[in-house]
């Protein structure tokens with residue numbers, strides 16, 4: 001039977017991608033249905049209890065700048081906040097927070113249940129309704145059919161998921177949850193390229209069986225960082241430390257002596273695992289010269305005794321996991337409460353997607369999260385928001401939107417996936433972005449909130465706060481530009497006390513702030529340049545914009561040159577065999593990838609600058625050279 005009401009957008013899956021997709025579509029005013037196999041696991045942290053990190057924190061800030069949920073949720077659930085790379089430049093600084101799993105899940109569910117235009121329904125999805133290469137709905141486990149103009153797949157590791165512990169394996173979407181086998185079979189019937197990937201998780205330890213007295217503590221930062229541009233530190237719950245232990249030669253011997261019982265090394269697992277989050281087996285074998293690896297013991301929550309040992313993800317048998325855990329300092333008597341495991345699952349080639357994350361072959365079908373070959377909550381959330389907003393736009397007969405590489409880490413993520421694809425779980429790093437000085441955590445709102453408002457993602461409260469911040473930045477910069485001090489002025493001695501070389505000529509507040517030894521806080525503590533802005537976010541922007549002005553201007557010039565290629569569009573139906581002068585290899589790659597622009601084509605491996613020149617000349621001759629606005 002069909003459900004009585006049609007929807008504009010259906011989201012399948014309630015993880016980090018699905019929840020952001022559902023919130024985005026509903027915020028834009030479209031009638032949205034979120035289908036999940038279990039309402040109680042909405043926003044579940046399946047692996048590590050943390051949000052953010054290098055590259056990942058940037059994505060969280062961008063999701064927040066577009067009105068998303070993740071940053072707000074972690075501000076309410078974070079039990080330890082830190083700025084990583086704090087001593088480095090602003091481009092690579094990143095926020096990371098340990099999370100209380102229960103509080104995080106509660107924050108997500110509360111937001112979902114209070115979002116207008118959003119209905120949540122508990123049923124596993126087993127089929128899609130596809131008519132004439134267009135998705136028009138979904139069918140649940142009990143045969144209930146829902147109609148919609150767009151469907152977003154955010155199914156994580158559930159598609160034909162297989163859990164491995166030692167040489168034993170069984171079907172599962174994650175520990176304690178069933179896999180989605182009928183939906184996996186249905187998707188394999190569609191004209192989509194599918195492969196297998198693998199990820200893993202460590203055993204969880206009972207905190208009461210760990211001797212923390214012999215371990216080093218790691219505390220959060222003070223003052224506490226905040227993730228959301230709308231948040232404040234008073235929202236954070238009680239803060240707790242993490243602890244550090246290490247593997248040792250005994251640990252490594254246990255692992256080496258049991259590799260024949262590892263499903264990875266025994267050839268039982270076919271899927272490729274994450275390069276940047278390897279299992280402890282992989283670390284010991286790949287870095288054989290190292291006699292220890294640092295392991296962070298991270299609390300899973302304020303009301304839980306479970307500890308997440310970050311760094312020993314494993315699929316070795318349970319008895320070997322016990323030996324590994326008990327070989328480390330402080331864990332000699334530790335007890336495991338949940339075994340570690342590896343999981344294999346289906347993923348679909350993201351090169352078959354448009355930059356909007358809509359399928360090139362099934363109209364109205366969007367993919368987001370691990371189904372696209374990524375790993376990590378943050379990567380999933382960012383894709384979910386993009387897929388959700390574009391599903392909403394499609395359902396309203398509007399054109400899709402995707403950020404450029406020069407505009408957001410989300411743009412880098414989507415361009416990498418759709419242009420290059422991936423053969424292993426893709427993780428975001430700042431090193432993947434060529435314009436990272438422009439794509440900082442601190443300016444995510446300046447880059448994206450205006451666009452979020454145009455798209456209908458940003459509410460009135462956030463928009464008012466954003467404009468107030470812009471005004472504060474502009475007013476303060478003008479004040480510093482127009483406030484001067486001369487070497488002979490009474491205030492010069494106070495200024496010189498903060499400088500490595502004294503004033504030799506008249507200088508404005510901005511001139512002084514450009515000096516590497518002068519901070520905004522120091523400058524505004526001087527009588528001549530007081531008072532400081534009360535808006536800390538605006539003050540941070542003033543300092544960064546002034547200090548890095550020259551570098552930022554140079555990078556902006558590079559972006560404008562590159563935009564010419566990015567804006568030169570390629571017809572989706574172009575058969576590159578028509579273009580004389582291209583090599584067979586280039587023709588094959590261009591026909592396979594079907595890039596949307598010259599810029600995208602130039603990033604395909606094997607497509608040379610000469611090939612790009614030939615293509616541009618051919619397009620001009622054919623009268624097909626056109627650029628987007």
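Cβ coordinates are placed from backbone N, Cα and C, and glycine is handled just like the others.
Record check: Swiss-Prot places 13, 14, 15, 16, 17, 18, 125, 180 at the FAD site, and the matching candidate among 370, 407, 478 is 370. It is 370 that, of the binding-site residues 279, 370, has its Cβ surrounded by the most other Cβ atoms within 10 Å. For the pair residue 125 (FAD binding site) and residue 273 (NAD(+) binding site), the Cα-Cα distance reads 27 Å. Using CA atoms as reference points, the binding-site residues 273, 275, 279, 281, 283 were checked against residue 13 (FAD binding site), and the closest is 273. Calculated from their C-alpha atoms, the gap between residue 277 (NAD(+) binding site) and residue 15 (FAD binding site) amounts to 20 Å. Under 8 Å, Cβ to Cβ, and six or more positions away along its own chain, residue 17 (FAD binding site) finds 154, 156, 368, 369, 370, 380, 381, 383, 384, 387. Look at the Cβ of each of the binding-site residues 125, 277, 285 and count the other Cβ atoms within 10 Å; the largest number goes with 125.
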